[in-house]
Amino acid sequence: MEGGARPGSLVPPRNNSTLGVLPGLRIPDGPKVEHCNRIDTDYNLTTAAICSVYVVFGILYTFFGYRCFKTVMFLTGFIFASSLVYLICLQGELMPPYGNAGVALLAGFLFGLITMLVQYVGLFMSGLHTGLLLGLAALLAADHILETSPKGSVWLCVGVLLVSALIFAVLNLYFRKGLTILGTSVYGGAIISVAADYFLERVAMVFWVWQRVSLRPVAPAPCWFSWIVLGIWPALVCAGLIIQFSLTGRGTYHADCRKKPRSSSAHRGQTRVDKAELRQKKYRYLYQVRTAHGDVISQNFVQALQKKDPGGAPGECSTLQSDATHLTILPDAQLAVLTESEDDSQTEIPTQR
């Protein structure tokens with residue numbers, strides 16, 4: 001180095017990594033023309049595998065986001081927590097790479113379970129991602145239209161991102177289906193675009209967008225195929241919205257599961273009240289029959305007597321037709337109710353004594 005500080009314990013050596021110490025994200029050195037004429041296929045195995053899995057996740061988000069609601073909520077919490085914890089571990093440099101990866105995966109798994117099981121947390125995190133990505137797109141469009149300079153306020157950009165994230169996070173709790181479909185389409189399209197950008201230009205487009213949004217000095221523009229990757233994002237968002245609203249998300253509603261036990265308990269209470277009222281009606285009907293008509297003669301017994309003596313002598317007085325006996329014929333359903341009520345009354349008498 002010609003002057004100033006030299007590499008040592010306080011000044012780390014300069015590297016050409018796009019995102020710091022992340023492996024496999026280095027932009028090749030050399031003239032810009034040679035770099036744009038070819039695509040470097042010397043990928044890092046671990047990073048390429050992660051990006052391939054993210055492509056699958058992006059397809060799931062974009063086209064089946066609301067259909068696979070629980071899976072999407074788990075992946076949202078898992079990706080957010082694992083990425084955040086891994087970046088924090090890289091800044092500390094306290095553990096080896098596999099230790100950082102293990103801690104990040106464990107934290108992502110635990111937070112993913114929370115977002116999957118607690119629906120409000122999952123909806124809040126999904127809306128948070130939606131607001132961040134839409135705010136990022138708005139800042140990028142404003143930078144292109146207004147031609148902002150690096151002297152602008154960075155805190156203004158941070159405020160726009162935070163406000164948009166919180167607004168969509170709260171709105172997602174009220175408009176669940178519509179904003180969940182919008183959020184999964186936006187998030188899935190962004191994941192697919194970032195993964196494709198890695199395979200084409202080692203996330204050069206992502207780094208350039210971040211520099212523009214954070215109002216840093218202008219870096220050289222990416223190659224022409226990176227602009228195609230950036231244009232894929234809104235195209236995937238539109239395709240995801242159309243497919244989910246018309247096909248995969250149509251007729252599907254994910255309500256809060258905590259409301260079901262309350263409704264079932266209320267239904268049980270109503271059923272108990274109905275049974276008690278029905279039992280009281282049985283007792284009242286039995287009392288009215290016994291006081292008004294005397295003993296109840298079984299309908300089957302009366303019909304058997306009538307069959308045995310179908311036609312008597314005209315001068316004879318039939319016992320069944322005499323005024324001394326009052327016949328009460330009841331349907332079979334009421335007879336069963338009365339029989340059950342008599343059994344209940346007989347079992348209650350010894351207990352009272």
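Each residue, glycine too, has its Cβ placed from N, Cα and C.
Because TrEMBL annotations are produced automatically, they should be read as predictions rather than curated entries.
What you are looking at is a predicted structure, and each value in this text was computed from that prediction instead of being measured.
Taken from TrEMBL, the feature domain 'TM7S3/TM198-like' covers 51-245.
TrEMBL lists 45-66 (among others) with the feature transmembrane segment.
Long-range Cβ contacts of the transmembrane segment (72-90) within its own chain (Cβ-Cβ under 8 Å, at least 6 residues beyond either end) map to 20-22, 57, 60-61, 65-66, 99-101, 103-105, 107-116, 119, 121-123, 125-126, 129, 184, 187. If you look up TrEMBL, you'll see 72-90 (among others) marked as transmembrane segment.
Under the heading transmembrane segment, TrEMBL lists 102-122 (among others).
Sequence annotations record features per position, and here TrEMBL assigns transmembrane segment to 128-146 (among others).
Taken from TrEMBL, the feature transmembrane segment covers 153-175 (among others).
Tertiary proximity for the transmembrane segment (181-200) is limited to same-chain residues at least six positions away from its ends with a CB under 8 Å from its CB atoms, namely 24-25, 39, 43, 47-48, 51-52, 54-55, 57-63, 65-66, 72, 76, 126-127, 129-130, 133-134, 168, 172, 206, 223, 225-226, 229-230, 232-237, 239-241, 244-245, 249. The feature transmembrane segment is assigned by TrEMBL to 181-200 (among others).
If you look up TrEMBL, you'll see 221-243 (among others) marked as transmembrane segment.
Proximity of distant same-chain residues to the transmembrane segment (221-243), defined by a Cβ-Cβ separation under 8 Å and at least 6 residues beyond the stretch ends, is recorded for 35-36, 39, 58, 61-63, 65, 181-182, 184-186, 188-190, 192-193, 196-197, 200-201, 204-205, 208-209. When pLDDT values are averaged over the domain 'TM7S3/TM198-like' (51-245), the model yields 88.
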